[in-house]
Amino acid sequence: MQPTTPLVLCVLLSQVLLITSAEDLDCTPGFQQKLFHINQPAEFIEDQAILNLTFSDCKGNDKLHYEVSSPYFKVNNDGSLVALRNITAVGKTLFVHAQTPHAEDMAELVIVGGKDIRGSLQDIFKFERTSPVPRQKRSIVVSPILIPENQRQPFPRDVGKVVDSDRPEGSKFRLTGKGVDQEPKGIFRINENTGSVSVTRNLDRETIATYQLLVETIDVNGRTLEGPVPLEVIVIDQNDNRPIFQEGPYIGHVMEGSPTGTTVMRMTAFDADDPATDNALLRYNIRQQTPDRPSPNMFYIDPEKGDIVTVVSPALLDRETLENPKYELIIEAQDMAGLDVGLTGTATATIMIDDKNDHSPKFTRKEFQATVEEGAVGVIVNLTVEDKDDPTTGAWRAAYTIINGNPGQSFEIHTNPQTNEGMLSVVKPLDYEISAFHTLLIKVENEDPLVPDVSYGPSSTATVHITVLDVNEGPVFHPDPMMVTKQEHISVGSVLLTANATDPDSLQHQTIRYSVYKDPAGWLNINPINGTVDTTAVLDRESPFVHNSVYTALFLAIDSGNPPATGTGTLLITLEDVNDNAPFIYPTVAEVCDDAKNLSVVILGASDKDLHPNTDPFKFEIHKPTVPDKVWKISKINNTHALVSLLQNLNKANYHLPIMVTDSGKPPMTNITDLRVQVCSCKNSKVDCNTAGAPHFSTTAVLLLSFFSLARL
């Protein structure tokens, strides 16, 4: 293949300098041609010249250095541009930067038919030029200025030059923009007479990558003559930033037995340098692995992506045989595509080998023995198992099941979370007389399912033999509670019922004796031999020991065992009501004014401790033999209340009115109660009862009251 012949299609106007006189400029520093168009070939061939560049600093080109924006090209000392290797895709634009101690300049190479790809110089230098040729003719000629960052002293130093071919005599150059008269101020300045642009200090591309300045010419009064014309300053990146891992801590997990090539995690670092250059092109590698067994190379990291993958066989990735299921890798990121001159940064990746359920739990013994007293509940035996899986996972935690021997659901089994043991418990008391032995079949499984190639075997089941110990159980009353209904006031010595208690220890021959345990009112007695219960006092439904007509007593049945056992039985006696309580009235005191217009005295109510039908309706009467006629009157209001009123005003005094009230029982009961009525003086809304005279009684009333009092005794 013949080398591509460069086609010069366009020349920047900035390079065609109009020399007005021999004194102006014999030599123009920089590239003699700054713009080239190259047809994209099928392939750029290594070391074949693509085109020749001509650069001159007008002082012999001492220490001339070329820099190409693409890492795939270089410029030889003679100015020939060649490819470093055979390549097919380059991009749309290349830039060549040339520099000597006396001058520097940049040439632009447009690849006709090239595609935008990463690494094109147009992206690297972060500026766009839609056309290298000015749209209109201008006398001010400027070219982009390229300045490497981090330059050392001395400063200021010249970095470029502006040329005005038609600048009037006495006019001056003026430079403005960010970095000149805008913050950060004073970085750049221009020689107002020569147009030489200089930088006053070193630059940092990571702070500001490009500066957009304006150049114009002005007259002596500061008026603009030409311009302003844009001047772009591009800061060329230097490799001054190390890769940094910013997202730690880095912790990855991989299941044991995973296939070779399983991705564990991704490690990515950040480099603050220009991402379009090799300064930020990172490569990754593993510097150290701890521990280094069973292989010093358990993992591999993709040098470009940073993906960490397993490289050992699944058999070596066995958590149960590893010295430590945790690996620590020192990961290094190096810029400059991993070349030795690149800067490095490191981070630690922690990789955990996660457990999978590849070991079934196994009982440590095939058979377990347990004993339990009849009637007792609680844990009777701990079943032990072994499991090689990770104790912190469901692959190790055991779940127990009783699969045979528990038809009555008398047993339950739970897992001890600390020891993984199966705690077998009795939850329903066992009866020695029914069965003295029990045999259970227990199965153990893991919370997590087993992997497909592992199954539960015979060692995952065990037999538990349980022996029930006979205990002297207390006698049991039948029924319990015992219930009987009797009328109150039955005669003393009446038989209520015969208690019946049996001994559950049917295999033993024991006798039973009875006794009273709790008899709050002291009304009962029980025959110690046959259990007959009779009364020792009158049963009273209205007693404070009776609640809702029911009296409760407790009895004991004691067997002849050694030691003896006791059972408790409850007797509930429902007492039927008898009319044995006379009604009583309330209130028993009333007041009335001596000049009252309303002669109503008081509303009386009546109550009875008995139950219906031995209570209301009540009959209210004035015991007339002891009371003068045509003075008092009593009127029924309802079944339980009556109104007492006067038929005439009385003098101020205390009066005792005997009220007779009768209930509805059969036979009925009657009670006579004195109602004390105070007739008071009522003046100016003040009631005065203190001057009431002595009570008024008739002789007949006194005799009758005495008679009734004696009768009630």
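Here, residue 1 is simply the first one shown, and the rest follow in order.
For all residues, glycine too, the Cβ spot is worked out from N, Cα and C.
Curation does not apply to TrEMBL; its annotations are automatic.
For reference, TrEMBL has these:
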COMPBIAS  158-172  compositional bias 'Basic and acidic residues'
DOMAIN    147-245  domain 'Cadherin'
DOMAIN    246-363  domain 'Cadherin'
DOMAIN    373-477  domain 'Cadherin'
DOMAIN    478-585  domain 'Cadherin'
DOMAIN    584-697  domain 'Cadherin'
REGION    156-178  region 'Disordered'
SIGNAL    1-22  signal peptide
**Message:** Please count the residues of the domain 'Cadherin' (478-585) that DSSP assigns to helix (H, G, I), strand (E, B) and coil.
**Reply:** 0 helix, 50 strand, 58 coil
**Item:** Per-residue pLDDT averaged over the domain 'Cadherin' (478-585), given as an integer
**Value:** 93
**Message:** Summarise the compositional bias 'Basic and acidic residues' (158-172) as counts of helix, strand and coil residues per DSSP.
**Reply:** 0 helix, 7 strand, 8 coil
